[in-house]
Structure formats: structure tokens, C-alpha cells
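*Asks:* What follows is a single structure, and I will ask about it in a moment.
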Protein chains: 2
Amino acid sequence: MSPADKPVRIGMLGCGVVGSSVARLLLADTAELSTRAGVKMELSRIAVRTIKPYEGINPSLFTTDPFSIVNDPEIDLIIEVMGGIEPARELIMTAIENRKSVVTANKALLASHGAEMFTAAYAKGEDIYYEASVAGAIPIIRPMRDSLAGDFVTRLMGIVNGTTNYILTKMHEDDREFADVLKEAQALGYAEADPTADVEGFDAAAKAAILSGLAFHTRVTVDDVYREGISKITLEDVKIAKSMDHVIKLLAIAELTPADEISVRVHPVMLHKSHPLASVRDAYNAVFVEAESAGSLMFYGRGAGGAPTASAILGDVVAVARHIALNSVGQRETDYADRDIAPIESTKTKFLIRLEVADKAGVLASIATTFANHGVSIQTVNQAGRNDDAEVTIVTHLATEGELKATVESLKKMDAVQNISSVIRVEGATSA
Amino acid sequence: MSPADKPVRIGMLGCGVVGSSVARLLLADTAELSTRAGVKMELSRIAVRTIKPYEGINPSLFTTDPFSIVNDPEIDLIIEVMGGIEPARELIMTAIENRKSVVTANKALLASHGAEMFTAAYAKGEDIYYEASVAGAIPIIRPMRDSLAGDFVTRLMGIVNGTTNYILTKMHEDDREFADVLKEAQALGYAEADPTADVEGFDAAAKAAILSGLAFHTRVTVDDVYREGISKITLEDVKIAKSMDHVIKLLAIAELTPADEISVRVHPVMLHKSHPLASVRDAYNAVFVEAESAGSLMFYGRGAGGAPTASAILGDVVAVARHIALNSVGQRETDYADRDIAPIESTKTKFLIRLEVADKAGVLASIATTFANHGVSIQTVNQAGRNDDAEVTIVTHLATEGELKATVESLKKMDAVQNISSVIRVEGATSA
């Protein structure tokens with residue numbers, strides 16, 4: 001196909017680390033990318049808060065008025081890389097109203113207002129593409145939505161936040177405490193000054209919502225995602241995990257329950273070291289998908305950074321520009337299955353519980369009885385004495401969160417139990 | 001989007017392990033898959049060599065005349081899973097001539113006659129989709145063609161043949177010889193009675209041609225691919241690799257040379273165990289891709305089998321059915337870059353060479369001189385004596401195939417060199 005005469009004109013909202021990467025690559029490679037799209041593309045306008053010089057970008061492209069871009073009838077395609085909910089939401093909705101297709105990397109917006117945006121775009125016959133919103137450069141949206149369109153996903157587990165994976169990797173490999181590594185990560189620019197969004201799992205929860213919605217053909221928002229971060233994980237937890245051939249990872253997990261509900265959650269997990277996700281180190285991301293026909297799949301790569309995110313955005317830009325030229329639209333997410341979200345209390349996993357107890361006869365028996373009374377079956381018990389106290393490490397068989405919580409409440413009331421040091425979920429290649 | 005009134009009618013050519021999986025899944029899940037495609041789909045005809053009962057498939061669908069399907073004006077979409085070059089090629093070309101889109105898993109046909117088929121399909125405005133042709137269930141065609149459309153691939157390395165990866169895994173983990181494991185694999189049905197296509201790398205070479213064509217926007221055929229199989233790999237080679245923290249894998253490798261040519265080849269490789277591909281075991285496949293902006297990506301999953309391959313085919317069927325309903329076409333491979341294929345002699349890798357030599361003074365010096373005379377720099381030398389002989393294991397720095405071949409020829413002529421036991425290329429995390 002030879003490039004059509006009328007170019008696809010592109011406006012970009014935001015020009016930070018990702019946006020400036022997108023602009024530079026798009027300007028430098030316009031000819032090749034246009035050949036791939038089958039239509040000439042042109043980066044026409046860029047909205048920024050303050051106009052300043054950007055290397056390799058013509059200053060005449062900039063404006064401080066983003067609405068002038070989404071209201072410009074000459075612009076066909078909007079790249080949104082400003083982030084945040086407002087004004088990004090209003091700008092995108094205005095762009096769609098004005099019949100422009102949208103490429104966005106805005107996971108927070110998609111995970112909170114996705115339904116509204118998709119509905120509007122589909123009504124107008126426009127694309128919303130968002131490959132860059134989850135796991136940076138890793139193709140995961142397109143495989144989930146397009147490649148697996150003929151299959152049935154049953155479960156996915158992902159390392160989708162690079163900052164926390166970096167921190168956990170350092171805790172494992174250098175035997176360091178969480179706070180110590182976090183401080184270093186902040187100094188290196190791997191973690192924000194306010195690290196809450198990463199460390200407490202909010203970023204991963206937004207990505208979990210996006211992926212589970214695609215996987216299970218249901219609208220899932222970030223409010224549907226159960227969430228725990230890694231700030232309570234101690235070096236002692238890490239050492240115990242390692243002694244049991246496991247590693248601790250912050251995972252986004254989404255799976256169908258036996259009742260055909262969606263269980264979707266983000267929390268630290270003890271993962272057996274033989275699991276493919278266990279060897280994903282540093283700031284790398286990976287998503288492990290199980291589907292009925294395909295079996296197990298894994299997608300691995302860089303989850304953040306200017307150039308990797310720009311790669312994902314430009315892949316979307318080529319596809320959407322092509323659809324504009326062909327007067328067509330791409331594959332769409334569907335919500336026909338409309339499944340319910342399972343309450344976290346009914347989610348089944350295994351648990352590791354570490355207890356400090358008085359080291360005297362009968363304590364272990366009474367602890368075991370407490371587990372049994374709540375219907376929680378014990379897989380392994382390990383007791384290590386120290387002076388008059390003992391530390392007991394228990395791994396359960398599959399139990400619901402509700403059963404486990406009730407067990408922990410009862411344990412806390414026992415005189416012999418001095419402290420419950422940690423409760424961590426266990427996933428991977430251990431027998432059920 | 002509500003399914004359009006006119007269904008997309010599907011005809012299938014072949015009904016073996018993959019075809020029968022496709023038919024059963026498509027018949028069982030028609031309603032859901034149609035919702036995802038946005039158009040009603042209908043499996044209308046299946047061509048087989050001999051009509052026999054298939055569980056779960058209505059016998060009235062079968063015909064022994066495949067041309068009646070590709071010439072049927074009521075059929076919109078052809079799934080080709082018969083394999084082989086002819087009559088598959090003629091049937092697909094006839095289908096395209098009759099304005100039908102095609103989904104095929106036929107790697108041999110694509111790697112030999114791809115250009116002809118793509119040119120015809122594009123002239124008629126039809127899709128040819130072929131996700132299942134490489135690495136079974138793993139989404140790799142779509143990520144290469146669509147997700148990376150805004151990026152520049154520099155290199156890819158893949159384990160794309162499950163049979164050889166199974167054999168090599170057993171050799172490493174159970175300390176067994178090639179012939180022994182092959183016999184077992186044949187008994188288990190993992191290897192064919194005539195294992196040549198797998199074991200000698202022909203299957204992997206076809207996949208290398210397909211992937212490198214996509215990666216480098218150039219038509220690449222199987223004849224362009226340099227090929228060596230694994231039948232000469234001995235248990236001794238495996239043991240030496242392991243002793244050096246490497247594993248031996250059969251890899252398909254495609255990379256851009258400094259002269260912007262494409263080096264594309266299939267051969268056994270000693271891979272450092274820290275490389276993500278090193279831990280891909282048994283019949284699993286994985287493709288490792290390096291791109292300028294995205295950095296390193298890896299795609300992992302089941303490379304063969306009825307259901308996994310059917311998953312890939314049905315993802316294509318949903319996409320192509322959607323394009324038919326929208327009167328559109330999907331992203332296309334391009335060949336605008338039209339790069340030359342680099343001769344194997346100019347390809348640079350490191351090599352491991354194992355020599356049996358007479359154990360006397362000066363031998364090592366004369367061997368080292370021979371390497372130096374051919375411009376091949378030595379990274380490590382390891383000499384182990386046994387009686388009057390010694391075994392010398394040499395790992396080189398980067399050298400061209402041509403330089404290495406010349407070195408080996410000279411070594412063979414030396415009196416002190418009794419035998420050259422093996423020459424294996426080395427890739428991965430060793431320093432250059």
C-alpha cells in the first residue's frame with residue numbers, strides 16, 4: 001500500500017520523559033513509520049505546561065493550550081502522555097467527541113474511567129489504544145485482546161511495577177532492609193520522593209484492573225482490586241522465603257473462581273523459585289497468563305522508562321493511523337461476560353504465618369488446634385527455639401482469606417502467642 | 001458492536017491434530033467468539049483426505065474436495081491446516097483469487113512461498129494471518145508485526161522447535177546421549193519416525209525466515225537461513241557446557257550486521273545459564289527480541305500441540321472475521337527495507353573448540369599460534385591430560401565463521417592435533 005495523500009495529523013498532550021521520547025522518535029523516523037502504517041504521519045502539535053527548549057523538537061510545535069489540540073479539526077489522532085485523571089479525562093473525552101482516535105499510556109485514568117472512554121470512542125467509531133499503560137514496552141494489551149481472542153484466560157499473574165521489583169530484588173540479593181533499599185532507590189531516581197503509589201501497590205492495582213478486564217471480558221476498575229503493598233515486608237521474611245526455596249514478589253493476580261467470579265488482587269507473594277516469574281529481577285516486568293487452550297504463556301521486558309514506553313506508544317500510533325487511513329477501527333475490548341468481583345474473603349491461597357510463642361510443652365498442639373478449628377489445614381510446621389521463646393513458621397494448605405483472618409484473630413488471643421510477625425500468601429510450585 | 005446479520009462463513013482445509021482442535025473449539029464457542037469478533041462466525045466446510053467420524057464435529061461438514069471449498073462463493077475465510085507445500089499453495093492462491101482471507105499455520109509454505117501469497121492477498125485486499133506458524137500458542141507474529149511497528153528490532157534469538165529442546169533438556173538433566181533420548185522421544189510421540197525436519201533444524205529454519213522477515217522488513221526465505229542441527233551434539237559437549245555454566249540450545253538467530261545486512265541462522269549454541277532462554281525447558285518455546293527503544297523482550301509458552309496451536313489460529317480467525325465484517329484489512333508485513341542476507345562466513349560469534357592433542361611441550365604454543373595466524377583471539381584455554389594425550393578446550397573471542405573455518409583447517413593439518421571433537425558457537429552473558 002502506498003501512503004495515502006492526506007497525512008494523519010497527530011497531536012500530543014504532555015512532553016515529559018515519555019512524551020519527549022515519543023516526539024523525538026516520531027520526528028526522526030517519520031518516513032519509515034509512515035511506510036509501515038501505509039499512510040503519511042505528521043506530529044503537528046504538542047501541549048506542555050511551560051514552553052521550553054527540547055532537543056530535537058521544533059519549538060513551533062508547542063502550545064500551552066491542550067484544548068486547542070483536541071478541538072483542532074486538522075488533528076486526527078491524540079497521544080495522551082500527561083498522566084493523572086484531570087484534565088486528561090476531559091481532554092480525551094473532548095477529542096473523542098471531535099472524532100479523534102486516542103493513544104494513551106494513562107493507567108490510572110483507564111482503571112478508573114475506562115468504561116466511559118471506551119463507550120464514547122466506540123459510539124464515535126474511534127480507537128482507544130493503550131499498550132503503554134501496562135508493563136511499558138512489553139506487548140501485553142494486544143496479546144490479551146487480540147491474540148487470545150479465540151481462547152479463554154483462566155488466570156494471570158504479573159510483576160507489573162518495576163520500583164517494587166527492584167526493591168525486593170535488592171532485599172533478596174544484598175540482604176538489606178526495605179527502608180534502606182527504598183532510600184537508595186529514591187536517590188537513584190528509581191522511586192519517587194513520595195513512593196506510595198508504587199510501594200503500596202496502587203500503580204500495580206490500576207494495571208491489574210486493566211488486565212483483568214481484558215482477560216475476563218468484564219469492566220473492572222481499580223476499586224475492584226484488593227491491594228496490599230510491600231512496606232511491611234522485612235528482611236527476616238525474605239530470609240525465611242529463601243530458606244524455603246521461595247522468593248517474595250509483589251504480584252498482580254487475577255483469576256476466575258469456581259463460581260465464575262473474578263478474583264483480582266495485588267499483594268506480596270512467596271513464589272517458588274522454579275516459577276518463571278521468580279527469576280524476573282530488578283526493574284523488569286513480566287506477565288504470566290494461563291489460558292484454556294494456549295496453556296501457560298509469559299511476556300517479559302522493560303516495564304518503564306522513556307524509550308521502552310515510547311516503543312509501545314508508537315506501535316499503537318502506527319496501528320491507529322492505519323485504521324484512520326482505512327476508515328476502520330481495531331479490535332475492541334468487550335464486557336459481555338459482565339462477571340462479578342469475588343470478595344477477598346472468599347479468595348483461596350496458601351499462607352505462611354510466622355509466630356513468636358512461649359517455648360513450652362503443648363503450645364504447638366494448641367496452635368494446631370486453633371488452625372483446625374477454623375478449617376485451615378496445615379502443610380508444614382517449623383519450630384526454632386531461642387531462649388524461652390520459639391519461632392514457629394507455619395505454611396497452610398489452600399484456605400480462604402476469611403478462614404485465615406479468623407484463625408489469626410484466635411491466635412492473637414492465645415496467651416502462649418506473643419506476636420504474629422508476618423502473614424504472607426504463597427503461590428507457585430508447592431503441592432496443594 | 002452487535003454481530004452483523006451476514007455471518008462470516010469459514011472453510012477449513014485439513015483436520016488433523018490441530019484442525020480437529022480448531023473445529024471443536026470453534027463449534028463449541030461460536031457464540032462467544034462471534035461476540036468478540038463483532039460478527040457471527042460459522043464453520044461451514046472441512047476438507048479431509050478420508051471422511052471418518054470426528055467426535056464433536058457434525059459429519060455433514062466434511063468433503064474430500066478441498067477445491068470445492070476455496071471455490072465456494074459462500075465461504076469468506078479459509079483456515080489452512082493441511083501442511084506441506086502442495087496442494088496447500090495452490091489452494092491458498094485460489095482462495096485469494098476468489099477474494100477469501102486466509103489463516104494458516106503452514107510455516108514451510110510461508111518460508112518458501114510467502115512473497116507470492118502476500119502479494120496476491122494484498123492485491124485483492126485480503127488478510128493472510130499466520131500466528132500459529134511460529135511458536136504455537138505464543139503470540140509472536142502480532143507482537144513483531146503490530147506491537148513493534150514503531151520500533152527497530154536489532155536481534156532476535158528463539159527456541160522455536162520443541163522436539164529438539166526436549167531432547168537437549170533430557171541430555172542436560174539426565175546425562176544421556178542424543179540417540180538414546182531421540183529414541184525415547186519417538187516412542188513418546190514427541191519426535192517423528194523420520195526426525196530430520198526437527199533434529200536437523202529445517203523446522204526452526206522456516207520459523208527463522210518468517211520471524212526475520214517481519215523483524216527486518218525484508219522478504220526472507222528458508223533458503224536464506226544457514227542451518228545446522230543437533231545430531232552431532234554429544235553428552236561430552238553437554239558436560240563441558242555445564243562445567244562452564246552454560247547450556248546447549250538449538251537457537252534460531254537473526255540479527256542486523258554492522259553492514260545493515262541480515263544474518264539469519266539456526267544452529268546449536270552454548271548459552272550462558274543466566275540468559276533468559278537458558279531456563280526454557282522441555283518442549284516449551286521462547287523468543288527473545290532486542291529492539292532499539294523497547295530493549296529486551298521475551299515471549300514464552302507452548303510451541304506445539306493441538307490446543308495451543310488452535311488458540312493461535314482462533315485468535316487470527318476472530319481478527320480476520322472482524323476485518324471481513326468491517327470491509328477492512330489488518331496490519332501487513334512490509335518489505336521496504338529490502339536488506340541483503342549476510343553470508344555465513346562474515347557472521348561473528350565466539351566459538352568453543354575441543355581438540356585432542358599429543359601431550360608434549362610446545363603443543364599449546366603452536367595451537368595458540370595457529371589461532372593467532374588466522375586473526376582469532378583466544379579468551380580461555382583449558383587443558384586436561386589423559387595418558388599421553390591431552391584434551392584442550394578453547395573459547396575464542398568474537399571471530400567470523402570464515403576465520404574460524406580457516407583456523408580449524410590449519411589445526412587439522414598439525415601433527416600434534418589428533419582430533420577436533422567439536423566446534424560450538426557461544427552466545428549470551430560472556431564478555432566479548
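From the backbone N, Cα and C atoms, a Cβ is placed for every residue, glycine too.
This is the feature table in TrEMBL:
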{"type": "ACT_SITE", "residues": "A:K207", "note": "active site, proton donor"}
{"type": "BINDING", "residues": "A:L13, A:G14, A:C15, A:G16, A:V17, A:V18, A:G19, A:S20", "note": "NADP(+) binding site"}
{"type": "BINDING", "residues": "A:K107", "note": "NADPH binding site"}
{"type": "BINDING", "residues": "A:E192", "note": "L-homoserine binding site"}
{"type": "DOMAIN", "residues": "A:352-425", "note": "domain 'ACT'"}
*Asks:* Could you measure between A:K207 (active site, proton donor) and A:G19 (NADP(+) binding site) for me? Cα positions, answer in whole angstrom.
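*Replies:* A Cα-Cα distance of 20 Å.
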*Asks:* For the recorded NADP(+) site formed by A:L13, A:G14, A:C15, A:G16, A:V17, A:V18, A:G19, A:S20, which further same-chain residues have Cβ atoms within 8 Å of the site's Cβ center?
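*Replies:* For the NADP(+) site, the extra neighbours are A:M12, A:S21, A:V22, A:A23, A:V48, A:V81, A:M82.
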*Asks:* If you count the other Cβ atoms within 10 Å of each Cβ, which of the binding-site residues A:G14, A:G16, A:G19 comes out on top?
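*Replies:* The residue with the most neighbouring Cβ atoms within 10 Å is A:G19.
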*Asks:* For the binding-site residues A:L13, A:C15, which Cβ has the most other Cβ atoms within 10 Å, all shown protein chains included?
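*Replies:* It comes out as A:L13.
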*Asks:* Between the Cα atoms of A:S20 (NADP(+) binding site) and A:K107 (NADPH binding site), find the distance and write it as a whole number of Å.
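*Replies:* Taking the Cα atoms only, A:S20 (NADP(+) binding site) lies 19 Å from A:K107 (NADPH binding site).
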*Asks:* Using DSSP, how many residues of the domain 'ACT' (A:352-425) fall into helix, strand and coil, respectively?
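*Replies:* Its residues fall into 24 helix, 35 strand, 15 coil.
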*Asks:* Give the distance between the Cα atoms of A:G14 (NADP(+) binding site) and the residue listed as 'NADPH binding site', rounded to the nearest whole Å.
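*Replies:* For A:G14 (NADP(+) binding site) versus the residue listed as 'NADPH binding site', the Cα atoms are 15 Å apart.
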*Asks:* List every residue in the same chain as A:V17 (NADP(+) binding site), at least 6 positions away in sequence, whose Cβ is under 8 Å from its Cβ.
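*Replies:* Long-range Cβ contacts: A:G305, A:G306.
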